[in-house]
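Down below is the structure, laid out as structure tokens.
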Amino acid sequence: LAQSLLALFASSLAISLVFAIIPLCHNVLVLAVVMAVAGLAMGCIDTISNMQLVKIYQKDSAIFLQALHFFVGFGALLSPLIADPFLSDTNCILSNGTANASSNLPHIRKSLLPHHPGNLSHYDLPMKGMVVTRVSYAFWIMALINLPVPIAVFFLLYKERMVPCLNGSSHPLLSADELALETRPGDKDELCTAAQRPHPAAGPEDLFSCCQSKNFRGASYTYFAVHITGALVLFMTDGIVGEYSGFVYSYAVEEPLSVGHKVAGYLPSLFWAFITLGRLISIPVSYRMKPATMVFINVVGVLITFLLLLIFSSSVVFLFVGTASLGLFLSSTFPSMLAYTEDILQYQGCATTVLVTGAGIGEMVLQLLVGSIIHDRGSYSFLVCGMIFGCLAFTFYALLVFFHRMYPKPSPEDEASPDKAAVPEDTGQYQR
């Protein structure tokens, strides 16, 4: 836990520093390095926060995962609104040809669409002159908004007496029995006794215990199959989130829809708004519904939505309806799949790393793939690709359910033993 909190502190602080530095980068290589650091920090936060919620709350983790990912969607919806007032409506560099360049901006924007790269040689954009953009303020505001996060994590480290040079007499914020939402009467005494026992010092391998080969000895093939199929489902669904939010604007402004640029610009915002709304709705729903059922509803809903989008591909109204519907169905897929997979594997937290990695790779790879296909085959292939990815997600989910049925259920002796061969060893402090 101490290692995880220290990593969260360093990563969240790095994000504030990166956002403050980005406007000062005047070289594309320096900017690339800075952005790589930001991506690394965000990946650490994503993995560790999901993993610790699973390990601390176990069977109750589904609710907390839904809440976590609601704030992910809320941030994705809020940050463009913060940046929007600082974006220039004209060219960012003032020169003699600025007026001409500003009038050309709509035509240039149209020419830069993936399917018709166009010839930009006849457009005159000034490259030298006085820079008038105010977008730097947006980055600095985001850096300030993020700054309370590392401060809060450091406060938690201090209160939990995990800061080496600041071990005061303060009491921990929460004891083990207070963290558990549902404690059976027979377990409460065990919890209190466990909380009073001294915990072993966290070794340098604890945070990476999932990577130790000794944990895989004797594991059945279904143990690996659950990890792989779960990661593949998220590879497809998170890939759909990335490619849809990235290319729905380009699809809308192309024929046959030919939506105006300003109206088409609302589509990605609508998509993220309904993802955020869906995650908010999923918090109480996950208390009543099993994660496996929620994932099934999600993948089937994605399939049906893409099918209807293909059927009504010439309807602008249904494009907006389908975008909202797709956002709702995709909203809770990641946290529900995480809770479902960890439930199969007895909440050890190791599947979290595999699933987060699979989702991140899917979001990166499928955007590149769909962009290339749209460039070669036209805008209609955007929906066809989404339908194919949805079918693959449903197929991998069906395989996951199949391997779940074949996965050996732990006996009471296995559950009591800390040295199970099929799953990694857990040294978490807050366990029931």
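We number each residue from 1, going along the chain as drawn.
Keep in mind that glycine also has a Cβ here, set from the backbone N, Cα and C atoms.
Residue ranges 7-29, 352-374 are listed, and TrEMBL annotates 352-374 among them as transmembrane segment.
Non-local neighbours of the transmembrane segment (352-374) in the same chain are 43, 46-47, 50-51, 54, 114-115, 210, 227-228, 230-232, 234-243, 246-247, 250-251, 334, 337-338, 341-342, 381-382, 385, 389; each lies 6+ residues outside the stretch with a CB under 8 Å from one of its CB atoms. Non-local neighbours of the transmembrane segment (380-403) in the same chain are 222, 225-226, 229-230, 232-233, 236-237, 239-240, 243-244, 247-248, 250-251, 292, 295-296, 299-300, 302-303, 306-307, 309-310, 313, 340-341, 366, 369-370, 373-374; each lies 6+ residues outside the stretch with a CB under 8 Å from one of its CB atoms. Scored by C-beta pairs under 8 angstroms, the transmembrane segment (61-82) has its highest count with 263-281, from the stretches 137-158, 221-241, 263-281, 293-312.
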